[in-house]
Amino acid sequence: MIVNSINIYPSEAAIQKTNIHFTLPPSIPLLPCLLFGSPHICSPPNVGWGAGYADIIKENKLFEAYYQELGLVPEGEFDQFMAAMREPLPATIRITGYKSHAKEILHCLKNKYFKEIQEVEIDGQKIEAPQPLSWYPDDLAWHTNMSRKILRKSPLLEKFHQFLVSETESGNISRQEAVSMIPPLLMKIEPHHKILDMCAAPGSKTAQLIEMLHSDMDVPFPEGFVIANDVDNKRCYLLVHQAKRLNSPCIMVVNHDASCIPRLQIDTEDGQKGTLFYDRILCDVPCSGDGTMRKNIDVWKKWTTSNSLHLHGLQIRIAVRGVEQLAVGGRMVYSTCSLNPIEDEAVIATLLEKSEGALELADASVDLPGLKWMPGVTKWKLMTKEGQWYKDWSEVPVNRHTQIRPTMFPPTDTEKLANMKLERCMRILPHHQNTGGFFVAVLVKKAPMPWNRRFPKRSSYGGKEGGWEECVYSDSVLCSRPPPNKKMKRHGFKEDPFVFLTEDDPVFPPIESFYDLSPDFPKINVLTRTHEGKKRHLYMVSKELRNVMLNNSERMKVINTGVKVWSRNSDGEEFGCAFRLAQEGIYTLFPYIRSRMITVSVEDIKILLTQENPYLSKLEEDAHQQAKKMGMGSIVLKYRPDNSNPDGPQCPIELCGWRGKTSIRAFVPRNERFHYLRMLGVEVFRDKQGQGPREEEKEVKEEVKEGETENGNKDVSPKQELRGENRGDEHLKGDEREGGGENLTST
């Protein structure tokens, strides 16, 4: 008799509370990336090329004995494999691919920074420039072995470092481990796909998914969306930070245990209630993380085979929950940063066996040309932490049955095993392409899961039809359904409500009139975060996400969704509209705006982004005349590529601004200012705190001051900037403002 594994395997939330150190997504201690110096999360504190961890010896005899015996590494390569595991992991960056600016950033990297780096010598040795990942499309991912020490030793490298920091913070570059980029690429995402990321934090893969949804930047609202989930409430806010950098109206962050994430309801086209099935699911499960030893140094001393035994059941439950919610014809990518077959092929084999033909492994061998990987294995053994080996369930003593389960072993039926085609799984070994270790498998759903066919939807949750998915296998590793009438527990910070506006809300007429919004503007997609009082900010989500939110407010805990499109500006009321445009949402909103636009040139943008409040007369004649005809208030500054000027940016740019009485300014966050100025060929970087400008920078600053004196208009000081002076947003506090008080240095 098989013991019900619900009583054996800990839940994702329970593992999170233990003192056992796994590289578990909900429990990794997180710090800002030290190479990039930004809030973009990259690794636990034991990253950074071994800094501070010299006392940890990179030896684990049990690990070596285990993997040598399993034979996962090709014959004659085990020494190379172990040598690579002891080497520091290269830093890897990815240029975000959905923005139309990606090519401009890549051009800037290749033709400026990488060329300059090739000429740099440190201690008599030439620096090796970053290299593209051969298998990542369009040269949008690069890796480098440069350490933080080297970056500090050269002014040119320091500029490169600041470039990376700035572009990362503004969402144009992402710091992400190379193997972590693989699963989203194998999902074959299209803009209409409904996507679930089951264990999403800290969010680097989620960002890739969002980028792929927005592959066509001319479509402000793709039909698809991404629901990004994580069990840990605090890590959900890291996820929000990652997602918000991409300014998408098609992302929602939720907080649930992935092994029993609720099944959601939606309104169907025929007006009925239906169940939401996802076209694509990313199932990057919690794992023991032995593929991450190159960056998580403490795994060396803490690794045992018990880690995999403890996690195997949870991994199956999460994966089963995923395939239950996958649409027929959809793809689910299962991945781990572990090399252990107990967490990899054993989970996939269990899914395939229980599915009774409803699932099949897809052949992804040609999807990433240039990627080196090993086929999945069909034979493996199990070892306890004491070194005891078991080849089959029949060998396991009864007193071990609560720790070791039948699903951990390969199927004994040779014909069934052959039909599973486990060799289609992909295992990435560190020494093949200087990466971390990784496992990935692509599953395609051919039919409903057999237990869903045999036991149709029966039960409700909280009095609403079709709430939580029932779990019906007598010997399964599925999640258990919550008690029928028990209210969903909510942990962590209580979020403000998400309140959708009605089409006749009094906030709309002045906005529609002031910005001359097109008739097809989807007012019902606008939401705010308060039931009462004045609406401070207005956000937008896609029609499909609105559908999900309105039908599932009692089923799911939403942490964040929507992109900010307008912010209240008390001074704006006297000009006809109390809401100014927000830079975060300008690409979403721009297609619907038919007035308040000024077409600007490259030189105009340089003036607007390097001076706080330039007079209208500083603009070139065309933009100056447009601005003179326009009343005071919020505006859009629009740039379109000039085919006659190949040196200028070859992508459209839209910036939010403010037309004052005699001046004009751009409402653009600091890092985005840096980004756009670099696109225009202006090199911009910050002085180190407490240090004055370098000699060559002083000359530039003097020139700027002379120009200001001639025109009689000074830049706003940092203190004025922080107080919001001359900006029309005096009532806003701290981080609600969009600029920064930092002076820019341009060369």
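Just so you know, glycine gets a Cβ as well, placed from its N, Cα and C.
Computed from a predicted structure; not experimentally measured.
The annotation active site, nucleophile is assigned in TrEMBL to Cys337.
Around Cys199 (S-adenosyl-L-methionine binding site), a 10 Å sphere centred on its CB holds 26 further CB atoms from the protein chains shown. What TrEMBL records for Cys199, Ala200, Ala201, Pro202, Gly203, Ser204, Lys205, Asp230, Asp257, Asp284 is S-adenosyl-L-methionine binding site.
Residues or ranges marked as compositional bias 'Basic and acidic residues' by TrEMBL: 688-740.
Residues or ranges marked as domain 'SAM-dependent MTase RsmB/NOP-type' by TrEMBL: 81-446.
The feature region 'Disordered' is assigned by TrEMBL to 688-747.
For Gly203 (S-adenosyl-L-methionine binding site), the count of additional Cβ atoms within 10 Å of its Cβ stands at 30 [all protein chains shown]. If you take the Cα of Cys337 (active site, nucleophile) and the Cα of Ala201 (S-adenosyl-L-methionine binding site), they are about 14 angstrom apart, rounded to a whole number.
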